[in-house]
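Structure, as structure tokens:
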Amino acid sequence: MAPSIQLTSVGAGDNDDSGDLEDVRLLDSYDKHDVDDGIKRIQVRISGMTCAACSNSVEAALKSVDGVIEASVALLQNKADVVFNRNLVKDEDIKNAIEDAGFEAEILHEPGSLGPKPVGESAVVGQFTIGGMTCAACVNSVEGILKNISGVKKAVVALATSLGEVEYDPNVISKEDIVTAIEDAGFEATFVQSTSQDEIVLGVIGVCSLVDARVLENMLSGMKGVRQFRFDPLMSELNVVFDPHVLSSRSLVDGIRVVSNGKFKLHVRSPYARMASKDVSDSSTMFRLFISSLLLSIPLFFMGVICPHIPFVYSLLLWRCGPFLMGDWLKWALVSVIQFGVGKRFYVAAIRALRNGSTNMDVLVALGTTASYVYSVCALLYGALTGFWSTTYFETSAMLITFVLLGKYLECLAKGKTSDAIKKLVELTPATALLVVKDKDGRSIEEREIDSLLIQPSDILKVLPGTKIPVDAIVTRGSSYVNESMVTGESIPVLKEINASVIGGTINLHGVLHIQATKVGSDTVLSQIINLVETAQMSKAPIQKFADYVASIFVPTIVVLSLLTLLCWYTAGALGAYPEEWLPENGNHFVFALMFSISVVVIACPCALGLATPTAVMVATGVGANNGVLIKGGESLERAQMVKYVIFDKTGTLTQGKATVTVAKVFAGMDRGEFLKLVASAEASSEHPLAKAILQYARHFHFFDGSSLTNGSQNDANELKSGWLYDASDFSAIPGRGVQCVIDGKRILVGNRKLLMESGINISTEVENFVVELEESARTGILVAWDDILIGVLGVADSLKREAAVVIEGLQKMGITPVMVTGDNWRTARAVAKEVGIQDVRAEVMPAGKADVVRSFQKDGSIVAMVGDGINDSPALAAADVGMAIGAGTDIAIEAANYVLMRDNLEDVITAIDLSRKTFSRIRLNYVFAMAYNVIAVPVAAGVLFPSLGIKLPPWVAGACMALSSVSVVCSSLLLRRYRKPRLTTILEFDIVVN
């Protein structure tokens, strides 16, 4: 289930069709853990995966576990995303399944959490001390009270111990509510502990010896609420499991700091920081292995190339020591260390893969190097026994391992670059925050710096000029301009005053702000954006299925081709099909054939195919996030590049979404002020954007208050409803029509033609002509009838966004057909469409009918994108192949959309499609390179060109080619980081003439 992102509200009612007078209530927020009871989602870090075959093996192992609903493994991130039924499977079962498949697994937790907690979280059992009970009647009384409380599932009270155990749903009732209920019944109650537990990983500064470690452990042992802990002295990392109902993460950190008199300083290790350090550790390990192999291989190179030209040294190498020469002993010793010491990881990974019935690159490397090593050892032993000395190929094995490790190290570095977008987003959150501590009377008594990950809801924080806002909050004191460009993409600073909302990660520019935290941890906008980008990077594009299939048969195919190469060259030699001069010195037909066979094994590269798609998708989603375009996953990215139609909602998407009354005409013998007062009284109870526009216009006319025309806040709306308006009764909003109510005993109707015609009210030719004139000028006509007589018309306009026409033309230049769908009348719709350049218009469409419009374009198999900004667009966004939700304007839910455009700018529609096209062009190029490499390299390594051109690839050269092929694919994907948003002047092919 995708998370929801709540963005700052620019104005109310920005996401509804102004002509469609449906009473739409926007959702204030969405629960990001909107999942079914018993369903849980976790992420697991996996170590040991080297190619697509490994990730497929892990995925298959997870899906075979009874209770696992969905499992997706991301090779690049070394992570798995698993959705399962918590009633059938536990977290440890997931971990065990991965480890049984031969890989290392670690459950990833958010700070202070054992993972995502769905709405249907299992009940918590809380233990309470109950004082004042004297007999069984008291026990029955307390139990009866507890069992009748909503959210309590079971309650057992023991008189002898004065304890009560209550099983309750923490989402319905809190432990404080239970204590209050017991006390209201006349007993004393205190909370002791619960079965709920949270986990936090802390970095520790100040532990310098074993004595310090024991002191720290004693402190933790004596803290109430701490369940278990583990201190890693090497990493200086403390893992604590605690009862959140007894102890908070901040009180845990503060408690240790106070008890140790400041000796031990603790800070929260975020999952992203831990993963980054793990990535650095992996790269460092690979670098150490490469350097070790290189240092051991250099003497082999000297013995084979340099030493023969130095007589004294060469004579030492030719000195016979036992059955072998000194040079042979040295080569055997050095290569044995490389083969089984440095190269141990290849054997471990290969055995693990074969044990699970799969094959990967490690199998090929292990086969090639072992064949070379074993043959060389056998050649030495055979020479010692028979006196016939064949050439050994110890250096082949060493060079192979060295080059493969070099390729792996470069690959680690390159893959690390693909996650830069996540790192940049994480870095937006400041490491610390300034907490304002207040006494019981609300007076500030202290300001202290705390870890930003320890901020709790309702904390008062002080934000100094030039510093970042740590969490989502509301301003309680001060005013300042805030730069929100890093989150929303809007470059203009926004003024923040008391009661204004601020977003974590944005920068306070000038004044000092006091803010009250509203959303912390994973609930903040920035965390949800990071989660969305991370989820997108872990998803698989459909095109990846091709690589997965190839990976499943690649290694067995290469092994068969290698054996055929060995058989063909050996048979040809035995039959005399090629001259003896082709054989190496002191060599034979078997050795000659074996070198070709080994080259085939080690030159083939399944990794390049496996990395072609995920690296490009990972970079593209990061680039999109940096440009204000959030992409839900690889599948969305793949669909967007094939879009044929883009359907736009009108109001709030093509237009500003801020309706204003431009004209009011009375057709009855009534004063205009009286007319507007009647209309305003009728609309005062409506939540529709048009109602607010009419109220503002009427107020301006009534009070001559010019400011009312530019201020559409909720406070103004409340003022409008007081004093000067008539009392209205029997109010009702009619979806798609308008509103009706009774004033002074007479019915008043305010709405479109359909409302009046269905109510049997005649529309004169004069009124009809006036309404037609409004509609042809892209304005909406609002008809008003009182006492069944049409008394006047209001003209309402919603101005187009300045970039709308240029974006429409740009899409047409890209070969995409734009379509507009609206609930407004046909004349207004056509007028707006003509102004922006859209030919295909669908008007008078109810919100539910927008999805039908989308489906009508999909009938011929076309890929359809829908761009909307309102909750009423959700059905169409879900029905479309690519749903794009514009992120500014109101609080939005992104469950139905595939893309979220963070800025309220239509140019991002072009950016989203263009980025998708560029990404899949890069993916196709990656596949062409990966396939072409293997198709060309394998025959060359097999010696196909040797008879005619004399081209022969030694195994170590083949290994170097293999190592660099996967690096090349990753670097190709990294070129997407240079992506720049398309300039509309380029798309439109403007001819700029300089005089």
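Placed from the backbone N, Cα and C atoms, the Cβ positions cover glycine too.
Residues annotated as domain 'HMA' in TrEMBL: 40-106 (among others).
Feature annotation from TrEMBL assigns domain 'HMA' to 124-190 (among others). On the 0 to 100 pLDDT scale, the domain 'HMA' (124-190) averages 80 in this prediction.
According to TrEMBL, the feature transmembrane segment maps to 294-317 (among others).
Within the chain carrying the transmembrane segment (363-385), a Cβ under 8 angstroms from the stretch's Cβ atoms is held by residues 323-324, 328, 331-332, 335, 339, 343, 346-347, 350, 353-354, 391-394, 396-397, 400-401, 404, 555, 558-559, 562, 591, 594, 597-598, 601-602, 604, 606, 955, 959, all 6 or more beyond its ends. What TrEMBL lists as transmembrane segment is 363-385 (among others).
Here TrEMBL flags 391-410 (among others) as transmembrane segment. For the transmembrane segment (391-410), same-chain residues at least 6 beyond its ends with a Cβ under 8 Å from one of its own Cβ atoms are 283, 286-287, 289-290, 293-294, 296-297, 300-301, 304, 328, 331-332, 334-335, 338-339, 342-343, 346, 365, 368-370, 372-373, 375-376, 379-380, 584-587, 591, 595, 598, 602, 954-956, 959-960, 962-964, 966-967.
Distant neighbours of the transmembrane segment (546-572): 51-53, 56, 358-361, 363-364, 367, 578, 589-590, 592-594, 596-598, 600-601, 604, 606, 609-610, 612-613, 927, 938, 942-943; these residues of the same chain sit at least 6 beyond its ends, with a Cβ under 8 Å from one of its Cβ atoms. Positions annotated as transmembrane segment by TrEMBL: 546-572 (among others).
Taken from TrEMBL, the feature transmembrane segment covers 592-612 (among others).
Annotated transmembrane segment per TrEMBL: 927-950 (among others), in sequence order.
Taken from TrEMBL, the feature transmembrane segment covers 956-976 (among others).
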Long-range Cβ neighbours of the transmembrane segment (956-976) (under 8 Å; 6 or more residues past either end): 365, 368, 395-396, 399-400, 403-404, 406-408, 410-411, 414-415, 417-418, 598-600, 602-605, 607-608, 611-612, 615-616, 618-620, 623, 918-919, 922, 925-926, 929-930, 933, 937, 941
The domain 'HMA' (124-190) - residue tally per DSSP class, helix then strand then coil: 22 helix, 24 strand, 21 coil
